[in-house]
Amino acid sequence: MGIVAETSQNGDTSLCSEKKFTVPQPPSIEEFGIVKPISRGAFGKVYLARRKNNSKLFAVKVVKKADMINKNMVQQVQAERDALALSKSPFIVHLYYSLQSANNIYLVMEYLIGGDVKSLLHIYGYFDEEMAVKYISEVAMALDYLHRHGIIHRDLKPDNMLISNKGHIKLTDFGLSKVTLKRELCMMDILTTPSMAKPKRDYSRTPGQVLSLISSLGFNTPAGGRTQGSLNQQTEGMRGNASTPLLMKKRESLVKGNKLMISCPEASLSSPSIPVKCLTPNLLKCRTQFATSSTSSQSRICLSSLESECGSPRWENCSQDAEAPPYFNSSRVKDSSSEQARSKKPTGSSASQNLKRLEFAFSPIVDRRTGKKAGFQDETGELSDTPLATLNAKGVIRKCLYENKAQEKPKDFDKTGQGELGKFTSSPDSPPWLANGSVAPIQFNDEEKTEKMGVKRNYDLVEKSPEQELLQDKKTNTDYKRGCAITDYPVSQSTGLTMEINSLFLSELRNSANKYASDRKSEDKYISAPRTLEKLDSGNPVAKNLLCELDDNCERDGEVSSTSEGEDRKERLNQDSSSTGMSVTENQIDRDLSHVDKSIKELSFEESQSENSEEITPDNKGIPFMAENDERVQSKYEPNTSILPDSLQNVLASPAPASAMTNPRRKPMVAFRSYNSPINVSNVSEPSKISMNSADKIHFSLECTGSFPMAVTPAQNKVQGLIETPYRTPKSVRRGGIQVDHERILGTPDYLAPELLLRKSHGPAVDWWALGVCLFEFLTGIPPFNDETPSQVFQNILNRDIPWPEEEEEVLSVNAQSAIEILLTIDPTKRAGLKDLKAHPLFHGMEWEELQYQPMSFIPQPDDETDTTYFEARNNAQHLKVSGFSL
C-alpha cells in the first residue's frame, strides 16, 4: 500500500522503509539567460530572457533594491509583486516567478511580442473609433477585475497596456498600485486566486512558481545597508566571531554545525564590513585576471548573468543612461592594486581557490539545486539575510582585498578628492590600503560626485528619499551637478512619464487659484483678498499644505469685518515673519478660526470638554465620524460655490463650516513655523482621544487636511484633571499637520485624477479617470490635458479644460464625446464605471463576456520570436535609451 518493494539478487523481496520525494524549489535566476533589453520604466528595466531548460521566452523586470530604498519605493515593489501574483485574468499580464538576489529583484512575466499601445499609437497617429472601443473595453474589464479584488492600478496609461500575439490588451506595470492586502502573501492566497468562470490550464502555477511568489522580498542589501531589526544581531555575531574563540565556539553551537575556519588571521582583525556594491569591479577584475569562469563551471562559481549585468557599475555606460539616479551615475574609485598586480601576481591554485570562495560567497543564487549549502547556508535551512552576513564571506572578501597591499605604491588624489583622502587616512580606524596611500587617482568629473570604496560616505553624499529632499530649500540649477544640462521646465514629453509630483508643480496651481479668487473678489463678499505664500517652492510641503488649506477654507468661511482689518492683518504678518522667522497670524486666526472649536491644531492631543457629552454605548461607538454621511450636518455646512464656474465647483468646494458654527470664546495667538524653515515630516502624531460630541468639528478639521485619520478612539467619560490649558497649541502640531497615508503624489501628470492632485482620499475612481484620458488619446492622438509643463497640465486637469476637436474631419462622434465626459467627471462618486460603460451607446453590441475571442484590428507580425521592434517607437518618442551590452 504505497510501500516500495525492492528485489535483492537472490530473489527475496523486502519492504523499503523510505520513499524519496523531490522537494519542489523555486528556480534560480541562473536558469534564465538574457537575450536583449526591451524597455525601461521609471523604476526598473525589462529584458527579454530565455529559460535554459525549455527555451521559453520571458520578460524579466529587473529592479535594483538600492534604487528602491533611495526612492522610498520598497512598499510599492511589494505591492506590484502581490498585485500580479493575485491576478489571474486574460487582460492582465501573467507573473510566473518572483526571484531576488543580493542587489536586485526579478519579476519573470510572460512576454507579449506586440509591444505597448503607446508605441502603436505613435505609429498610427490615432485609432479609429472601432479600434479604440475594443481596446478600452478590454482595459475596462481588467480594471473591473482588479477593483473587485481590492487592487487599484493608479498608473493607467497606454505605456502600461501591452499587446499579445493575437492583438489583445493586457495591463502591466503595477509599480504604483495599491493592494488592500495588509499582510504578506501566503500559499492559500496564490492557490485560491480568483480566476475566470472556467479556469484554464494557462492560469495554473507549478509548486516552484507558488514558492517564489510567496517568498519575502528582502531589502537588506549590502549597498543600502541592513535596516531591519536583525542588523544588531548579525553585527554582534560577526563581532563575536572576530573577537575571541569562546564566542566563535558559541556561534558554532547555535547553528549546530561546523563552519569553515578562516585561513588568514589578518582578515578577522580588519575593519568593519565593506559594501558589496563597491566590490563588484574588483570581482570582475579578478575573474578576468585568473580566468576561472570556464564554460563548464560558469553557472556554478560565477556571478549570474543578470546579477553581473544589472548590478555592476561597469555594465552600463553612464553617458548613455543620463536619466538614471545620481547614485548609479556616480564615478567609482578605481582599484589600481588589481591593475598593478596583473603582471606581478602568479595565477596559482591558491589564488584561484580564493576567487572561487569569493564568488561563491558573493552570489546568493548559485548552487541552488545541489545539496551543498549555497551562500554559506547553515544547517537550519535558512539563508542569511545578505551574502556578507557570515564571517566566512566577510573574511574571504577582505583577504582578496588585502593580499597585495604591500606591493602597492602610494598615489595622490586629484585636487577635488585630496581633502577627503587625508581625512580618512588620518583616522586610526581607516583601512590599511588607505593608510598606505594605495588609492588610485580618480579622473574627477565636475558634474559627478565620487563615492569612496570601503569608506562611509559623508552626509552630503548620502542618497536621500524624496521627502528628505523636499525639506531642504530649493536650489538653483547651478547648485546641482548633473550629467546633462537641465532647463527651467521639462520638455513636453516629460508629462507622459511616471514621476513624483513635487510641491514645486502644485505651488503654481495655488498661485493661479489665488489669482482667480482675486478676480472674483468684487463679485462675492465671502471671498477675501488672496494671500500669496512667501516661497511656495521651498520648505516643507506639510506646512505649506496646512497653511494653504486654512487660507482657502477661511477665505470662504464667513464675512470679513472690513477691508482695512484685512490689510492690517497682512502688515503684521509680514513684520512678524521678517523679524522672528515665525509666521504669527494673531488677528487672522482670531477672526477666521474663532468659529472652530477644535481645528487640526488641537486634534492630536486635546479633548473637547462639553458639559453634555454623549455617553459611549455599544450601539453608537461604531458610528463613523465622517459627517458627510449625515444629511443634517451636510446641509449645515454647505458652502456657497455658486459664483464659481461649473468646472471648479466640485474641485474648490470644501464642506467647511461657515458662520453657522459660532463660538464666543476667542482663541489665543497661534504661531506657525516659517515657510522656509525645515519641518520634520515624520514627527507628527495620530489623534488619540476625541469625544463623540465633537463629530461635527472633526469633520471640519479633516477637510482642512484633505484626509481622514486612520483610527479615532472616543474619549472616556471620566474627566481628566490634567488638562488645565485646553487652548494651548502642542509643540508637535506646529511642525505640520497629521501625517496621511498618501502624502506623496506618484504617477504620470497627464493621467492623474483631480482628487490625487488635491491630496484627497481616493479609490478605484482614479483608474476610470485615467481610462477616460486614454479614450480621448486613442481618438485624437494626444492626451486631453497635455501641456508644456506639469504644472500647466495640473491646471488643465483641475479646470477640466478639454480641447475638443472642431474641424470636420477630426470631430469626435456624439457617443465618443459623451463616453469621455462621463469618465472625466470631477466628482469621483459620479464618475462612470464598467456598469455605466456597458450601458453606454458607444459600446452598443459589444460582447463583454467574449472579448478575449473577438478579432482585433491590429495583429503583430514580428520577424521572429525575439523581435522587439514594437517597443522601439515609444522608447524613441520619449527619448528612452535602453543600454546595450555584449552577450
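Heads up, residue numbers simply count up from 1 along the chain you see.
Just so it is clear, glycine is given a Cβ too, placed from its N, Cα and C backbone atoms.
Keep in mind that what you see is a predicted model, and the values were worked out from it rather than measured.
If you look up Swiss-Prot, you'll see Asp155 marked as active site, proton acceptor. Among the features that Swiss-Prot reports, ATP binding site is placed at Ile38, Ser39, Arg40, Gly41, Ala42, Phe43, Gly44, Lys45, Val46, Lys61. What Swiss-Prot records for 575-587 is compositional bias 'Polar residues'. Summarising the annotation, Swiss-Prot assigns compositional bias 'Basic and acidic residues' to 588-604. The compositional bias 'Acidic residues' annotation in Swiss-Prot covers 608-617. Among the features that Swiss-Prot reports, domain 'Protein kinase' is placed at 32-843. Residues or ranges marked as phosphoserine by Swiss-Prot: Ser363, Ser465, Ser654, Ser677. Residues or ranges marked as region 'Disordered' by Swiss-Prot: 321-353, 410-435, 556-624.
Minimal Cβ crowding within 10 Å, among the binding-site residues Ile38, Ala42, is found at Ala42. When the alpha carbons of Ala42 (ATP binding site) and Asp155 (active site, proton acceptor) are compared, the span between them is 11 angstrom. Within 10 Å of its Cβ, the residue among the recorded positions Arg40, Asp155 with the fewest other Cβ atoms is Arg40.
Highlighted in sequence order, Val62 have their Cβ within 8 Å of the centre of the Cβ atoms of Ile38, Ser39, Arg40, Gly41, Ala42, Phe43, Gly44, Lys45, Val46, Lys61, the residues recorded for ATP, and are not part of that set. Within the set Ile38, Ser39, Arg40, Gly41, Ala42, Phe43, Gly44, Lys45, Val46, Lys61 that the record links to ATP, no two Cα atoms are more than 14 Å apart, and one pair reaches that distance. A coil conformation is recorded for Gly44 (ATP binding site) in the three-state DSSP classification, outside any helix or strand.
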